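Annotated domain 'PTS EIIA type-2' per TrEMBL: 5-149, in sequence order. Look at TrEMBL and you will find 168-263 tagged as domain 'PTS EIIB type-2'. The domain 'PTS EIIC type-2' feature in TrEMBL is assigned to 287-625. Among the features that TrEMBL reports, transmembrane segment is placed at 291-315, 335-352, 384-404, 416-438, 499-521, 559-577, 598-618.
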Amino acid sequence: MHITDHLQPACIALRRPAASLPEAVRLMAGLLAQSGDVTDADAFAADVQKREALGATRIGGGLAIPHAKSKAVREVALAALTLDPPLGCTTPDGEPVRMMFLIAAPDGANDLHVQVLAELAKLLMDKALCAKLMQAQTPQAFYDLIAAQERRAPEPQAPAPSAAGGRLLAVTACPSGLAHTYLAAEALQKAARSRGLDLKVETNGAMGVEHPLTSEEIANADCILVAADRSVPMARFVGKRVLTVTTREAIRDAQGVLDRAAAGRTPVYRGGNALRTNDWRELGREAYRHLMAGISHMLPFVVAGGVMIAVALLLDQLGAPPVAGDTLNTLGRTAFVLVYPVLAAFIAHSIGDTPAFMPGLMGGYLAQLGVTAAPEASWVSSGFWGALVAGFTAGMLVRLLQWLCDTFLPQSLEQLRAGLLLPVFSLLGVGLLMVLIVNPPLGDFNTWLCTLLSAMNGGSRLALGAVLGLLMATDYGGPINKAAYVTGTVALVSEQYDIMASAMVGGMVPPIGVALACLLFENRFTAEERRTVPQNLLMGASFVTEGALPFALRDPLRVGPACMLGSGLAGFLTVFLRCGCPAPHGGLFLIAVIQNPLGFLLALLAGSLLTAALLGILKKPLQTS
């Protein structure tokens, strides 16, 4: 299969200007429509934008490969475009987009377009070819350069072993399973060929697993290089040296990555995904990934349980039979009981894999109950922080026990490891830690905190609402936003509903505020930004803060402070107006159960208008040309 089988000179445009990525896509869609490969250029361009919303297809090096399946496409086809001046939207390495290829595929088609994408990604790894394509004077010359490159491409050959006798294997994967998966694979293979290294790459892409590593190959390998931005099956690599990098690292510095893999100093993989670095910044990122693994599994229990409780309150207000409200309230409260065990279990699982799940779950349950050596009547839940300690401790303890078994356990007793030794000693360690060391002080701390929140009145509680709202708009779904949100959900347990209301309204203001700014100050925003108004209004109403993220990324020094101040004002007003939200998620769809709904709407409107006004003041009118 060749790129030139699907690319015609008539579908190549050179040195064209474009004000935005959607405009460039529409230009190329028009070329495909003129060639007869696309029946409706506008419909296809809209489908490309929908695909782009799932994940940007700008791959680095000034290149972008947008693609989509569409009912408006007859057969798989390509269009190409070079941009002059370069397009302002940046690629992952910070370079503006200078060249684009658009891949069109029929809706419901097979994976031919993914094969085209993989081949195109490999072709564009040649920087010399990219430079020649940018300098091409005519579409035919552009086409001929690609055709000549494909004719020169050598047939794949098994690479020779390295001089040191070492054998390397690699695995690549990215969230979308498209460009970066194949770009990383091609970069590593190209670097390996230049050094005579023996390298086989397994790609976990949109076409499934290609070139899978066999058990025999893994057994004979000296090191496995995992270039992945998402999880891949790792249990097969236990006992082997494993180097883990991102696909971006593999693409940008394949030679350096191979140096690290071939040096023989990478750690032996023992299972799980433990904190495995001495770099403090990377250590923080590792810990955050484990924390998010727990929170992502915990949130459905919080959301579903909270909604059940909110609906139960609504039924009681409407005079429904008590059994209906009681049943839903029981379901919601039961879901809340599982929140901390699930959080701890999946943090532990992220670190120590399956053997760590049970002690993590039990540690979280002990945190939920607040079990101590004192009489049961004095137990107080150690809550969120206790569950965090339980999860991280369980994961790391299991990793330690696995190392001890690897080092000291006789081979004849190996079968006792998974069935007896790991579960018994991990539960014993986590249980004693929680009961004797963690739960007593954290239970006292939670008692003090609940008493403090209940006693806060006047200015101190207003300040808390303002700060919580401001933090919700700090990083648009990032760790600070998550921490503020968790504070609100924890307050639900002690029925501090105004705290949850201030967190929720703080997360709703940014997308609504930028949408209002686009409506009120049109000359400050591009046409592409103004087209996001309906979706941002809906996302804001649904309590999805991330709607404002694209605006903040493009102009952080203006959008960030405007959103934070607006959210801070909204959080302040919810407490001042005595609003309360008994559920952790739902936005305006929970308005029927929110305490003082008119006050909540007023706080939301005031914060959103402040954000919009500040954006109108801070952002300068766009220059028209």
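Cβ coordinates come from backbone N, Cα and C, glycine included.
Predicted automatically and left uncurated, TrEMBL annotations should be read as such.
Since we're looking at a predicted model, the values are computed, not measured.
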Selection from 291-315, 335-352, 384-404, 499-521, 559-577, the stretch that has most Cβ pairs under 8 A to the transmembrane segment (416-438): 384-404
Cβ-Cβ under 8 Å with the transmembrane segment (384-404): same-chain residues at least 6 beyond its ends: 270-272, 274-275, 287, 290-291, 294, 340-341, 343-353, 355-356, 359-360, 363-364, 366-368, 370, 417, 421-422, 425-426, 429-430, 433-434, 438-439, 442-443, 445, 486, 490
Residues of the domain 'PTS EIIB type-2' (168-263) by DSSP state, where helix covers H, G and I: 41 helix, 28 strand, 27 coil
Helix-strand-coil residue split for the domain 'PTS EIIA type-2' (5-149), DSSP-based: 62 helix, 46 strand, 37 coil
